[in-house]
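Here's the structure, in structure tokens; my notes come after.
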Amino acid sequence: MKLLLSLLVVSTLPKWAVPQVLPMRAPLKAVAELVNGGPRIFSGERVRLKCSVPGKVSAEWRYQWFRGGEQLQESEYFVLWKARPQQSGKYYCQGLRTTWISTQHTLHSLPIEIEVDGGWAILQAPPLPMLVGETLTLMCRVRGNPRLTEVILYKDGVELQRQSGPELCVTNLTLQHHGSYWCRASWDGRRQTNSVISVAASVSIIEVLTEPMLEIVPNDPLIHKDRMLLVCHVQLNAREPVSHIHYYFYQDGLSLGLASSQDRVTVLRDSGRYWCKASIPTLGLKRLSEPVPYGRLTGIHQGPVVSLQPRAPSHPDPMKGPPQTTTSIQPSEPLTLPDVSGDSPNTLAPGVGSDDGTVVWKDF
């Protein structure tokens, strides 16, 4: 009987001795969204915001609203019933719930900026950056929604277009369309013509594929000492998923191999000028980096010819209003880069594989 009891006690010890390791979870983050209204409204109008915590819906969550560093109220929805210009600002929320141990708080949501305009006209513009080649849609709103007879759109002090409706479109965007926009609206009423002008709204235009930047890492501890690492940094901005980016690398105008989905390559450490190119064939996009010299250059190294994108125009003070001019902006066509030998078979022959498994490209 004593032996049986001792066996039972010993058999239960491991169950209590081994600690249970719980997986670490990433902190939850609240989400604030605009339900009714817009980010830019007239004074006296209403805007409604909602706070939520992604994941499993739980009735235990409560929500706190903030504007700047000021705590406003605790509720799922936050409403500005008759908004005033003084209530303009960045609104965000936070989720919290109380357990038998402590009170759990989520991370703050991304802010939603609400601008309450006390004037007569508002130019509604997309809050997110637009991409080159897209169509920009702007709305010139007038308090009371009168029947407009003429709407003029200005960009950086220059008249861009005029029409009778409140909706204005700018097609085939380029980097030169980046800037400040405002509108002037006119309508007839009480035997007179009324005309109002909106506050300026900023519009950002970005490239779908940014210009690559080549980084040379000569002393990477993971590769052989007589080799160096080339890394091609590029950013893809797309509304929908696209195929992989193809990367090409060059030394003194010669290709260092075929296209690859990897943004880095290991090559022999050698003096010269290096480039990289990023290409998305399905979108017809390709961008070439600026040359990066390495080591001692003993002459002029000819490389791929680069057509640089134009810089965005400077931004004048939008509060000065549009000047008295009627010239029109003619959007320039987007510049394209000439093709280089990277899309064709490589001009260098592959060499022998190294001990660490990398492939080195050498001249014949």
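Numbers run from 1 along the shown chain.
From the backbone N, Cα and C atoms, a Cβ is placed for every residue, glycine too.
Residues or ranges marked as signal peptide in TrEMBL: 1-19. Annotation source TrEMBL lists domain 'Ig-like' at 19-94, 111-204. For 306-364, the entry in TrEMBL reads region 'Disordered'. Annotated compositional bias 'Polar residues' per TrEMBL: 323-333, in sequence order.
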In the predicted model, what is the mean pLDDT computed over the domain 'Ig-like' (19-94)?
-> 84
Counting each residue once, how many in the domain 'Ig-like' (111-204) are helix, strand and coil under DSSP?
-> 3 helix, 57 strand, 34 coil
Using DSSP, what's the helix, strand and coil tally for the domain 'Ig-like' (19-94)?
-> 3 helix, 37 strand, 36 coil
